[in-house]
Amino acid sequence: MPRPLLLLFVLVASSCNHAVVATTDSLPRDRDVSFIRQWRHVQEERLSDPSVEYSTPDREGGSDEEGEDDEYEYEYEYGESNGESIADAEPYRDERTQDNEYRYEGTTTIPDFYDPDETDPDYVPNLEEDVTERSIARSIDTSSSSSSSSSPPNNSKKSTWITHGTLGTLSFGLLIPIAISSALFRDLLPTYWIYIHVFLNVTTFTFTLFAVGMAFATMNSLGDANEGHLKELHHILGLGLLLVVTFQTANGFLRPPREFVTDDEEDSSPGAMHSSSEWGERSKLLSPRALWQWMHRITGIVILALGTWQIQSGLAIFARKFGSADWGSVYLGYMGWVVFVMGGGKLWMKYREKKREGKDEWNAEDELFDTDGLRGLEDD
């Protein structure tokens with residue numbers, strides 16, 4: 001190789017070597033890695049929520065104990081720290097004093113999402129790109145957590161509310177109307193109506209007991225923080241309704257025997273009333289069974305009315321707590337239709353019965369008239 005070219009090659013190699021050394025010296029070393037880590041954390045927090053003050057790391061700070069997070073605390077004025085400038089720093093202005101002093105107060109810990117390669121102390125992360133990605137991820141996280149926090153309260157207990165309401169609706173919107181109908185239209189099922197009636201009443205008692213017990217067991221967690229037992233009319237009437245249903249079910253098994261009038265003075269069977277006694281046929285309206293029947297009927301009507309109001313108010317409370325539609329008016333319309341069908345059906349059966357009795361009486365009189373006429377003709 002000619003001497004001039006060799007000399008030129010040496011000069012170029014020497015220049016490149018100096019450039020590499022200068023570049024390497026300008027990169028952060030072991031002590032600066034911790035500073036970059038903290039600076040990156042501050043930038044990320046500042047981007048996610050600029051209204052909160054955060055601490056900016058101090059190059060000289062830190063804890064030497066293993067396993068303990070390093071904490072940095074420093075105060076910057078006019079973007080400077082002990083004569084050292086922070087590149088691209090965007091200090092937060094203290095709006096409370098409305099002055100030109102910039103402060104980063106408080107403490108912060110090393111984030112665990114950044115772990116530079118220890119084998120390469122000259123590793124420099126792409127701070128701008130990574131901070132932006134972390135900020136976007138954090139904002140998605142924040143928005144999802146705010147949407148879940150703004151969701152209706154007690155959402156985790158919604159299934160318990162639904163179970164409680166389902167038991168009540170089945171009891172007072174289905175079982176009780178069918179039980180009353182089985183007694184009203186007993187002539188259609190003269191043998192089996194009493195078994196249907198008893199079974200439905202016992203099932204209603206069981207469902208009501210479970211519904212009220214569930215409410216009492218979980219009321220403090222179901223309701224608001226200031227809500228407890230018997231704080232609303234719905235709670236009080238629910239307990240009262242359970243007591244009335246319990247009385248009605250137990251009273252059903254205490255039904256007195258049917259009374260009958262007999263001429264046998266020695267007949268001592270249950271319900272026997274001697275014709276010569278003071279009771280007689282007229283006193284059947286004041287007999288124990290008659291009084292029991294009136295009480296049982298009135299109690300059944302009270303249960304139907306209270307149950308209707310209770311379900312309607314429960315639907316309103318559910319809609320208020322969970323922001324759903326209030327189906328209370330729909331339920332009232334349904335129960336109105338049920339009462340209309342039961343009452344109208346009973347009146348129709350009474351009308352047909354009276355009409356049939358009147359026709360039978362007319363036929364008997366007609367038969368008697370024809371017989372008398374024939375007898376008169378025979379006499380003639």
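Counting begins at 1 with the first residue displayed.
Note that Cβ sites are derived from N, Cα and C of the backbone, with glycine treated the same way.
As written in TrEMBL, here are the features:
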type: COMPBIAS; residues: 90-104; note: compositional bias 'Basic and acidic residues'
type: DOMAIN; residues: 124-351; note: domain 'Cytochrome b561'
type: REGION; residues: 46-125; note: region 'Disordered'
type: REGION; residues: 137-158; note: region 'Disordered'
type: REGION; residues: 259-279; note: region 'Disordered'
type: TRANSMEM; residues: 161-185; note: transmembrane segment
type: TRANSMEM; residues: 192-216; note: transmembrane segment
type: TRANSMEM; residues: 236-254; note: transmembrane segment
type: TRANSMEM; residues: 298-319; note: transmembrane segment
type: TRANSMEM; residues: 331-349; note: transmembrane segment
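Predicted-model confidence for the domain 'Cytochrome b561' (124-351) is 80, expressed as mean pLDDT. At the 8 Å Cβ threshold, with sequence separation of at least 6, the transmembrane segment (161-185) comes into contact with the transmembrane segment (298-319) through 3 or more pairs. For the transmembrane segment (192-216), the residues of the chain that approach it from at least six positions outside its boundaries are 160, 163-164, 167-168, 170-172, 175-176, 178-179, 182-183, 185-186, 222, 229, 235, 238-239, 241-242, 245-246, 248-249, 252, judged by C-beta separation under 8 angstroms. Sequence-distant contacts of the transmembrane segment (298-319), counting only residues of its own chain at least 6 positions beyond either end whose CB sits under 8 Å from a CB of the stretch, comprise 161, 164-165, 168-169, 171-173, 176-177, 179-180, 183, 232-234, 237-238, 240-241, 244-245, 247-248, 251, 325-329, 331-332, 335, 339.
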